Amino acid sequence: MADPDRYNKMFPVSWEQLHRDTRALSWRLMERGPFKGIVAITRGGLVPAAILARELEVRLVDTICIASYDWKSQGGISVLKGVEGDGEGWLIVDDLVDTGTTARAVREMLPKAHFATVYAKPSGRPVVDTYITEVSQDTWILFPWDSEIQYVQPLVNRRQEG
């Protein structure tokens, strides 16, 4: 998990929940389109972008490759691959907007694109145009590609241990 001083809660997202939430996002985006294409922010935006591409019948999908997180913390922005143009007619997709650092960097590169995320936290929410679910700033979202199924102690047992 990430920095324990920054994240007090955990929000596990299953593959099924992510799919439902991304389909809900597609309903909101239908009235904004059609889009020329989708730009997925790697790596978190890849799965939502694939679902949105299917639901919105978008065949052109590109990526912006940015590194800002590791499994422990959020760091500085490193653009590994950009995209040409100003983003007009394009849909930018990411799984989450947290502090807004990554989103602001992408906004600077593609100022005319429509920016959508599945999940949004209060600090980053103003940077995106469309999102589905808001979670508190102190919540770590555990995405299905970052986890595996394992046994977890019942809450009452964990409380007694701690």
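Positions of Cβ are set from backbone N, Cα and C atoms, glycine also.
Some features that Swiss-Prot has for this protein:
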| type | residues | note |
| --- | --- | --- |
| BINDING | ARG43, GLY44, ASP94, ASP95, LEU96, VAL97, ASP98, THR99, GLY100, THR101, THR102 | 5-phospho-alpha-D-ribose 1-diphosphate binding site |
| BINDING | ASP95 | Mg(2+) binding site |
| BINDING | ASP98, THR99, GLY100, THR101, THR102, TRP140, ILE141 | GMP binding site |
| BINDING | ASP98, ILE141 | guanine binding site |
| BINDING | ASP98, ILE141 | xanthine binding site |
Quick one: of ARG43, ASP94, LEU96, GLY100, THR102, which binding-site residues lie within 10 angstroms of ILE141 (GMP binding site), measuring between C-alpha atoms? Sequence order, please. LEU96
In Å, rounded, how far does the Cα of LEU96 (5-phospho-alpha-D-ribose 1-diphosphate binding site) sit from the Cα of TRP140 (GMP binding site)? 11
Could you round the CA separation between ASP98 (5-phospho-alpha-D-ribose 1-diphosphate binding site) and TRP140 (GMP binding site) to a whole angstrom and send it over? 10
Residue among binding-site residues ARG43, ASP94, ASP95, GLY100, THR102 with Cα closest to the Cα of TRP140 (GMP binding site): ASP95
Per DSSP, to which secondary structure element type does LEU96 (5-phospho-alpha-D-ribose 1-diphosphate binding site) belong, with helix, strand and coil as the options? strand
Binding-site residues ARG43, THR101, THR102: which have a Cα within 10 Å of the residue listed as 'Mg(2+) binding site'? ARG43
What kind of secondary structure is TRP140 (GMP binding site) part of, going by DSSP in three states? strand
Kindly assign THR102 (5-phospho-alpha-D-ribose 1-diphosphate binding site) to one of the three DSSP-derived states: helix, strand or coil. helix
Among the binding-site residues ARG43, LEU96, THR101, which residue has the largest number of other Cβ atoms within 10 Å of its own Cβ? LEU96
